[in-house]
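Here is the structure we will look at.
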There are 2 protein chains.
Amino acid sequence: MRVMGIDPGLTRCGVGVVDGRPGAPGTMVAVGVVRTDPEAPLAERLLALDDGLRAFLDEHQPEAVAVERVFSQHNVASVIGTAQASGIALLAGARLGLPTATYTPSEVKSAVCGNGTADKRQVTTMVTRILRLKEAPKPADAADALAIAICHLWRGGVKARISAALNNSAAGNKESAR
Amino acid sequence: MRVMGIDPGLTRCGVGVVDGRPGAPGTMVAVGVVRTDPEAPLAERLLALDDGLRAFLDEHQPEAVAVERVFSQHNVASVIGTAQASGIALLAGARLGLPTATYTPSEVKSAVCGNGTADKRQVTTMVTRILRLKEAPKPADAADALAIAICHLWRGGVKARISAALNNSAAGNKESAR
């Protein structure tokens, strides 16, 4: 399965595309950063971000999109922009009919480092190792995006099965309540 | 000029379209609320919101879009969703090549009530009076969206002229620095 991971941001939005499956190391298909001009009006920046993400989706045709979840505990000054970028990212995936998923930073760190409180350097090191890259992906937003894609490949299957089981169980409960 | 005002929200997004010009009362063209299912996955909700806003834009063909600015001081639990909705709203306008503007809640209240700390009831009362409506628009999100459109019609011209003057002055400074 091919997954596009997105580390949402308005100034730098990390994008990483990985081919893989649960339990296997995975292969990097593409990595990059969509940048928008901090001096430009907000609507222009959102449009530039949407254009950049669509170009990645068009070129690499992922089967799923995974986006890091935004928390209000984050830096208060940047949380609004990060939330807006994550909305654009999820919309871009949904607009193409792709399944989308969100993961918390600690879920992503746990998946690639085995430790939910790992720092950015550890994440970059593990992503470089897991994908057998010759060089560490730069900047950190790009490495994070690859980590999110790996997280989805390794954990997404499990999450999807749990969610399907819960839906079936809920459907069964509704059925028996009739 | 025809303006579409948007009071961004993920569960209820207010939309109001007003024809008018600075100094004149203005005429309501349309008002409504785009609702999304709080139980649905986030990406589906963003897509439903985008579809709903695009339908309004298509039907009423505004010449500008005005969106209430989101602050992190707002209710922390809902700020992420509100920010995502505002990003979708600004993108929808920008995607059509329309000029977009954002206004703080106090700018909107000052414009329609003459008081930046007016409450929701006062905003609804003044919107109903300014647009000579037979009934108050409901819910409050719909009235707020009309207030944002009125704010843009009344203040937008001034803001645009100041911004153009600043740009000209900045261009002049660059020119003389060469």
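Glycine is no exception: its Cβ is also placed from the backbone N, Cα and C atoms.
Taken from TrEMBL, the feature Mg(2+) 1 binding site covers A:Asp7, A:Asp141. Look at TrEMBL and you will find A:Asp7, A:Glu68, A:Asp141 tagged as active site. Positions annotated as Mg(2+) 2 binding site by TrEMBL: A:Glu68.
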Practice prompt. Run through the Cβ atoms and count how many others sit within 10 Å of the one on the residue listed as 'Mg(2+) 2 binding site'.
Written response: 26
Fill in: In three-state DSSP terms, the structure that A:Asp141 (Mg(2+) 1 binding site) belongs to
helix
Practice prompt. May I ask for the distance between A:Asp141 (Mg(2+) 1 binding site) and A:Glu68 (Mg(2+) 2 binding site), taken between their Cα atoms and rounded to an integer number of Å?
Written response: 11
Worksheet entry | Separation of alpha carbons, A:Asp7 (Mg(2+) 1 binding site) and the residue listed as 'Mg(2+) 2 binding site' (Å) | 6
Practice prompt. Go through A:Asp7, A:Asp141, our binding-site residues, and report the one whose Cβ sees the most other Cβ atoms within 10 Å.
Written response: A:Asp7
